[in-house]
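Student: What follows is a single structure, and I will ask about it in a moment.
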Amino acid sequence: MGSFRCMSPASPSWSGLLELLLCGESLSAAQATDLMQAWLSESLTPVQTGAFLAGLRAKGMEAEELAAMAAVLREACPLPCARPDRFLVDTCGTGGDGADTFNISTAVAFTAAACGVEVAKHGNRSASGKVGSADVLEGLGLNLKAPLQLVVDAIPAAGVTFLFAPAWHPALVNLAPLRRSLGVRTVFNLLGPLVNPLKPQAQVLGVAKKDLLDPMAGALQRLGLERAVVVHGAGGLDEASLAGPNDLRFIEAGAIRSLQLSPDELGLATADLETLKGGDLDCNQTILQQVLQGRGEPAQRDVVALNTALVLWAAGIDTDLSSAAARAAEALDQGLPWTRLETLRQHLAS
C-alpha cells in the first residue's frame, strides 16, 4: 500500500491550500492575505471556512501568517477620520487562560492613562461566558454604541478610549456564528489583539500559552510597532502574574529580546493566583471600581502596577520597570485611574 505524500502546488487552489495546512505546512504571507480576504468577502463556504479554521488551529500559527491576516483586517476597518496623529498604546490579551481573574488589562489601560500614556484599548465581550472588557465597562456605564468619531475624540479628552471590536470590524460579524458552532478557539482569538484599527505604535499583549510568545512577538515586529511587550504570566495567565517569574518578549527598534521578570524584582510581593480571582459581572465591576479608586486588595493593586509598568516601558515614559511600577502604584493609591474612566464615560455619553 503506497504512502500518502503532501504536495506543494505552485499556485494552489483552496483545496490545495487546505492540504498544505493538513500536512503541517505554513502559508506564505500572500496566501494568508488571500485567505483572509476570501473570508471577509464571504467567498468561501461555511464548510471551507470551518476546515481552514480547524487546519490552522491544528498546525499552529506562524508570525508571518498572523501579521498578514492582521494587516488585512486592520485595513478593512471603517475609520470615521484620519488616524489620530498621537503615540498610542494598546493593552490587550488573547484571553483563554481559564484563570477567571478580574479584568486586569482593563484596569491597566486606565492606570496607564493616569500615568500619562494615551491608550486606545481594543476589546470585546467574553466569548467564554466569563466577563470580558466590554462587559465590565458597559456595566460601569460606558456607551459601547457611541459613534466611532466620538470614540476617537475621547483620546485627547480622557487620555484613553475603548474600541469595541464588533463596531470596528463589521465584516467579521458573519463569521461569528460559525466560530461559535466550532466551540474551540481559532486564529481569530489570536488576531483580536493584533487588529486595533488605530494602529497603535506600542502595545502590551498577553498570551495564555508559552508557545505563543514568539509567534505573537514576531507578528508585532512585522506590523511595525515601535515598542511592544508580549507576556506569558506565571500560572498560565495572559498577563504578568504575581505568582512567580513571567516570560516576556520585548520588541524595540525591530529587534526581539527574551526576559524573565519576577514581581519581587520590582519591589512587589508574590501572591497566589487565588488573590486575583474575579467572578460574575457584578463582582468584576465592583473589583474594577475598587481597584481604580485605590480601594483594591494589595494583590489586586500590585498586579495592575506590575502590568502598567510594562505599558509605561512600551510608551517610552519610564524605561526603568521598578520606577514605573512605583509610579503606577502611586496613581492607583490616589484613585486617579477612576477619574480617567469617569471622564471617558461622560465623553461617550455626550
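Here, residue 1 is simply the first one shown, and the rest follow in order.
Glycine residues also receive a Cβ, built from the backbone N, Cα and C atoms like all the rest.
Look at Swiss-Prot and you will find G93, 96-97, T101, 103-106, 121-129, S133 tagged as 5-phospho-alpha-D-ribose 1-diphosphate binding site, backed by sequence analysis. The annotation anthranilate 1 binding site is assigned in Swiss-Prot to G93, N124 on the grounds of sequence analysis. Per Swiss-Prot, Mg(2+) 1 binding site is recorded for S105, E239. Here Swiss-Prot flags R179 as anthranilate 2 binding site, drawing on sequence analysis. The Mg(2+) 2 binding site annotation in Swiss-Prot covers D238, E239.
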Student: Tell me, by DSSP, whether H122 (5-phospho-alpha-D-ribose 1-diphosphate binding site) is helix, strand or coil?
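Tutor: For H122 (5-phospho-alpha-D-ribose 1-diphosphate binding site) - judged by DSSP and reduced to three states - the answer is strand.
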Student: Counting only other Cβ atoms and using a 10 Å cut-off, which of the binding-site residues S105, N124 scores lowest?
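Tutor: Least crowded of the binding-site residues S105, N124, by Cβ count within 10 Å, is N124.
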Student: Other than its own, how many Cβ atoms are within 10 Å of the Cβ belonging to H122 (5-phospho-alpha-D-ribose 1-diphosphate binding site)?
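Tutor: For H122 (5-phospho-alpha-D-ribose 1-diphosphate binding site), the count of other Cβ atoms within 10 Å is 25.
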Student: Tell me, by DSSP, whether G93 (5-phospho-alpha-D-ribose 1-diphosphate binding site) is helix, strand or coil?
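Tutor: In three-state terms, G93 (5-phospho-alpha-D-ribose 1-diphosphate binding site) counts as strand.
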Student: Show which residues of the chain containing the residue listed as 'anthranilate 2 binding site', separated from it by at least 6 in sequence, have their CB under 8 Å from its CB.
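Tutor: The answer is L53, T186, F188.
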Student: What is the total of other Cβ atoms whose distance to the Cβ of G93 (5-phospho-alpha-D-ribose 1-diphosphate binding site) is within 10 Å?
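Tutor: I get 26 for this one.
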Student: Mind giving me a neighbour count for R125 (5-phospho-alpha-D-ribose 1-diphosphate binding site)? Other Cβ atoms within 10 Å of its Cβ, every protein chain shown.
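Tutor: So the number of other Cβ atoms within 10 Å of R125 (5-phospho-alpha-D-ribose 1-diphosphate binding site) is 17.
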Student: Can you tell me the CA-to-CA distance separating R125 (5-phospho-alpha-D-ribose 1-diphosphate binding site) and E239 (Mg(2+) 1 binding site), as a whole number of Å?
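Tutor: Their Cα atoms are separated by 18 Å.
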Student: Just to verify a number: CA distance, T101 (5-phospho-alpha-D-ribose 1-diphosphate binding site) to D238 (Mg(2+) 2 binding site), in angstrom, no decimals.
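Tutor: Their Cα atoms are separated by 10 Å.
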